[in-house]
Amino acid sequence: MAAQCESIGGDMNQSDPGSNSERSADSPVPGSEDDSPHDPEWREERFRVDRKKLETMLQAAAEGKGKSGEDFFQKIMEETNTQIAWPSKLKIGAKSKKDPHIKVSGKKENVKEAKERIMSVLDTKSNRVTLKMDVLHTEHSHVIGKGGNNIKKVMEETGCHIHFPDSNRNNQAEKSNQVSIAGQPAGVESARVRIRELLPLVLMFELPIAGILQPIPDPNSPTIQQISQTYNLTVSFKQRSRVYGATVIVRGSQNNTSAVKEGTAMLLEHLAGSLATAIPVSTQLDIAAQHHLFMMGRNGCNIKHIMQRTGAQIHFPDPNNPLKKSTVYLQGTIDSVCLARQYLMGCLPLVLMFDMKEEIEIEPQCITQLMEQLDVFISIKPKPKQPSKSVIVKSVERNALNMYEARKCLLGLDSSGVTVTNQSTLSCPVPMNCHGLDILAAGLGLSGLGLLGPNTLSVNSTTAQNSLLNALNSSLSPLHSPSSAAPSPTLWAASLANNATGFSAIPHLMIPSAAQATLTNFLLSGVPNYGQNTPSPPPGLTPVDVHMNGIHSECKKVTSALNGHVKPTNMKYGTISSSSLGDKVLNTNLAEASRQSNNHSSAEEVNSKTDPEGCNDAFVEVGMPRSPSHSANTKDLKQMLNSTKAPCPTRQTVKLLHGTKNSHLHGERLLSDSEMSPMEGPVTDKKAPGSERAAERAAAQQNSERARLTSQSEYGTMQAYDYEQKKLLATKAMLKKPVVTEVRTPTNTWSGLGFSKSTPAETIKELRRANHVPYKPTMTTTYENSSLSRSNSREQLGNGSDSENWRERNGIDSSQNDYSSSIGSPKRKQNKSAEHYLSSSNYMDCISSLTGSNGCNLNSSFKGSDLPELFSKLGLGKYTDIFQQQEIDLQTFLTLTDQDLKELGISTFGARRKMLLAISELNKNRRKLFEPTNIRASFLEGGASGRLPRQYHTDIASVSGRW
C-alpha cells in the first residue's frame with residue numbers, strides 16, 4: 001500500500017521547489033528585510049497561488065506568447081515598493097498538486113496592494129474546497145487499486161487531489177479512515193461519489209444442511225463459473241466449524257450493485273432451489289465506533305426507520321467488545337440488505353472546508369438559520385497570521401448537496417457549482433426530483449437523523465400531486481409491515497398521524513411555517529372526497545389551507561428564502577400538528593371503503609358531519625376478534641359501554657386496517673352472544689361490494705339491526721370501540737370481588753389488548769428485545785416515556801403486560817393520545833384566539849383558561865365512585881395501578897398533597913398538576929354537597945365525588961397518558 005500511495009501522490013514526499021520552497025535560487029532577495037528589521041510598519045505575508053495558473057504564465061513566457069513571471073513580479077515590486085519571493089524554477093507538469101507559496105515584504109499598505117494585484121491574476125482560493133470523508137482503512141487499498149490505477153483515473157477525470165492518510169503505514173494500533181479530496185466543488189463531489197462506487201460489496205448466505213454426506217459445492221463448477229463471469233462476481237465457500245453446511249461469499253463492486261444482486265439471486269436459486277426465498281442474506285459494514293451513536297440517532301430512531309423502511313435487520317456491536325467493535329451486521333432479503341447498506345452509508349459524516357475573505361462578515365443569526373434550514377453545522381474561525389477565515393461545514397453524506405448550498409450562501413455565489421447529476425443514489429437511494437431543500441428533512445440529519453433524503457421532496461418541484469404523494473409514500477415507512485416491498489398508503493397515512501410532532505419516532509421536527517403550509521397543500525390537494533369541516537389546529541400553529549391557490553408563489557418564496565437570497569422577516573418554526581396534517585392524509589381506497597360502509601350501515605357512518613354544536617370527533621375503528629365476556633357483571637359492563645357513547649350522534653371514523661378477519665360484533669355488542677336471539681345475529685352479506693343492497697336496507701330498519709350490518713369489502717369487517725374505555729372496563733373487571741355463587745368462565749375478550757397484570761411489562765419488553773442490541777440513550781428527555789428511565793419503575797407497573805403491544809400491532813403509536821388531544825372541541829374553536837395552551841399533550845392543562853382558575857371543572861354530576869374511573873376520565877389511567885398497589889381509594893386520594901404524589905412515584909409534573917386540580921375541585925364540590933340544600937341522592941349513593949363536565953368529550957379528556 002505504501003508503494004501505491006507513493007505512486008499516487010507522485011512527488012508528494014519529495015522536495016518540490018515549486019511547492020515547498022518559499023523562493024528559488026534566482027528569486028529576488030528582499031533586501032529590505034535586513035535593512036529595516038525594526039521598522040514598526042514593516043510586514044511580511046506568505047500566501048499560496050494557483051499552481052496551474054503560475055505554470056501557464058511560465059509556459060507562455062517560454063513560448064513567447066505572454067509576459068514572463070519575472071516581468072510580472074518585477075513590475076509589481078517597482079510599483080508597490082515591495083520585495084516578492086516567488087518560485088521561478090517551478091517544475092512544469094509535476095505530479096504534485098500542491099500550490100506554491102509567494103512571500104511579499106514591505107510596508108503594511110504596500111504589502112496589501114501587492115497581494116491584491118498578485119491574487120487578481122493567480123488567485124487559488126476563490127473556488128477551491130477540501131472535503132473529508134470516512135472510508136474504512138481496510139478498504140483503502142481496494143479504492144486505490146493495483147499500482148494506484150483506480151484512484152489515478154478518478155483524480156484525472158475530476159481534477160482533484162485525493163489524499164489517503166500516511167499514518168496508516170507505520171501505526172498499527174490506530175488507523176485513520178479519513179480521506180481528503182481537494183479541488184473545485186463539482187470535481188470534489190464527483191470524486192466522492194466515485195470513491196463510494198469503488199468500494200467492495202460483499203453478500204453472504206448460509207447453505208441449508210441437507211445431509212452429512214453432502215459435499216461443499218465446487219466454486220469451479222460450470223454453473224457457478226458462468227454466473228461469476230456473467231455478473232462479474234467472485235464466489236467462494238467457507239466451511240462452518242463443527243457443523244455441516246457452508247457459507248457462500250459473493251464479492252462484487254458497489255458500482256455494479258444491480259449485477260451483484262441479480263447474480264446473488266441466481267446463485268441462491270441454483271444452490272438452494274425452492275428454499276432460496278427463505279434463506280436470509282447478510283452483509284457487514286465497518287463503521288468507526290465513534291460514529292455509532294451518531295448514526296443510530298436519538299433513542300435509536302434512525303436505525304428503526306431504516307429497518308422499517310427496508311425490512312432489513314441491523315445489529316450494532318457491543319461497544320465493549322474489543323475484537324469487532326466497528327462491524328455492523330445487516331440481514332434480510334437481497335434488496336433490503338443492499339438498500340439498508342446504502343442508507344447507512346448515507347449517514348456517514350462529511351466535512352467541507354473552504355476559505356472566506358477576511359472582510360466578509362456574517363451575522364450569527366443568519367448562520368443559525370442556515371444551519372436549521374440546510375441541516376448542517378457551520379463553524380467560522382479566523383486563520384492565524386493570514387488575512388482570511390476558515391469555514392467548516394459538517395453534515396452527512398446524504399445531505400452533501402446542502403453543504404455546497406451553504407457555501408454558496410456564505411460566499412454570496414450565484415451557484416453552488418454542484419449539480420444533481422453529481423449526486424449518487426448510493427448515499428440517497430430515494431429518487432430525487434430536483435435540486436432543492438427537503439422541508440421534511442430539515443433539522444433531522446444531525447439531531448435525529450431521519451430517513452428522508454435531501455431531495456426526496458423539493459419545495460420548488462413542479463411535479464403533479466400524485467407523483468408527490470407517491471414520492472412521500474416511498475420515503476416514509478409503514479410501522480406495521482417492515483418486510484413489505486410496497487408500503488400500503490393506508491398504513492403510511494396511519495403512521496403519519498402517529499405523533500403530534502409530525503412523524504413517528506422523530507422527535508422535535510421543526511419546519512418553517514410557510515414550508516409547512518406548502519407541504520400541507522401539496523398533500524391535501526391529492527386527497528379525494530375530503531370534507532371542509534376539519535378540526536382547526538391549536539392556537540400558535542399555522543392554520544391549514546386545503547386549497548391549491550397560490551402554491552407556486554409560496555414555493556418560490558420558500559425556495560428563495562432557503563437559498564439565502566431573500567431573508568424571511570418573521571419565519572416562525574412550529575411542529576406539524578397531526579390534527580392539521582396526519583388525520584387528513586387519507587388514502588383513496590380508504591375513502592372509497594368509507595363510502596361503501598356508509599351505504600350499508602348508518603351506525604358505521606364515516607363521512608365527516610357536524611352536529612348543531614359543531615362536534616367532530618375522530619373515532620378509531622380497529623377490527624379485533626372478540627368472544628363473550630363472563631369476567632364481570634354483564635349489566636355493569638353494558639352500562640359502562642353505554643356511558644362511553646359520545647354526545648355527538650355522528651363521528652368521523654378513521655379506520656386502521658387489520659389483516660385478520662374479525663367478528664361481526666360492534667362496540668355496543670361486546671357482551672355475550674347468548675343475549676342475542678337468532679333474529680338479532682349478525683347479517684352476513686356476501687355480495688360484491690358494488691352490488692345493489694336495497695332488500696337488506698329495507699329489512700334493516702331498526703337501529704340495532706343496522707348497527708350489525710357489515711360491509712364484505714376487500715378490507716374485511718370492522719368493529720368500533722374505544723380502547724381507553726376498554727382499559728377502564730378491564731380494570732373494573734379485575735377489581736371486582738369474586739362471588740362464590742357465580743361461575744367465572746375464562747374468555748379471550750381482552751386478548752391482545754395488553755391489560756393483564758400477571759407479568760411485568762418490562763419483563764416482556766426485555767424478552768422481545770432479546771434479539772436486538774439494546775440502545776441506551778445518552779440524554780434524557782422531559783416528556784413522558786415509560787421506557788426512558790428505570791427510575792420510573794413504579795410508573796411502569798401501571799402499563800400492564802406490555803400495553804404497547806396492542807397499539808403497535810394495530811398501527812396506533814403510544815403517542816396517538818397526543819393526536820387525539822389536538823382535535824378541537826366546539827368551545828376550543830370559539831375561544832382559540834384568546835386561549836393560552838401549555839401543552840397539546842396535556843388536555844387538562846390546555847383547557848385551564850376555559851374551565852376556571854384551577855383548570856379542573858369537575859361538577860357534582862360525576863357518577864363514578866372509584867379512582868380508576870376518575871383517572872380514566874382525566875386521562876391518567878396509566879397511574880391507576882400505582883394507587884391500587886398502595887391501597888389508596890378515592891376518599892384517601894382527596895387528602896393527598898404534591899409531596900405525597902411525589903413519594904408515590906408520580907414524577908411527571910403535568911400528571912401531578914392534573915391530580916391536584918382534580919383533588920381541589922372535588923373537595924370544593926364535596927363541601928357544597930354537605931350543605932343541607934345541596935344534599936342529593938346521588939351524593940348519598942356514590943359518595944363525595946365530583947363530576948366531569950358534559951361539554952368535554954371523554955375521548956378527548958383521556959388522551960394524555962401513554963400506555
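Glycine is treated like the rest: Cβ placed from N, Cα and C.
Per Swiss-Prot, the feature compositional bias 'Polar residues' maps to 12-22 (among others).
Under the heading compositional bias 'Basic and acidic residues', Swiss-Prot lists 35-48 (among others).
Per Swiss-Prot, compositional bias 'Polar residues' is recorded for 592-601 (among others).
The compositional bias 'Basic and acidic residues' annotation in Swiss-Prot covers 602-612 (among others).
Feature annotation from Swiss-Prot assigns compositional bias 'Basic and acidic residues' to 683-696 (among others).
The compositional bias 'Low complexity' feature in Swiss-Prot is assigned to 784-797.
The feature compositional bias 'Polar residues' is assigned by Swiss-Prot to 812-824 (among others).
Marked as domain 'KH 1' by Swiss-Prot on the basis of sequence analysis: 128-195. According to DSSP, the domain 'KH 1' (128-195) comprises 35 helix, 15 strand, 18 coil.
Residues annotated as domain 'KH 2' in Swiss-Prot: 280-344.
Per-residue pLDDT, averaged along the domain 'SAM' (862-925), amounts to 84 for this model. Taken from Swiss-Prot, the feature domain 'SAM' covers 862-925.
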Tally of residues which DSSP labels helix, strand or coil - the domain 'SAM' (862-925): 45 helix, 0 strand, 19 coil
DSSP-derived helix, strand and coil totals, residue by residue, for the domain 'KH 2' (280-344): 32 helix, 15 strand, 18 coil
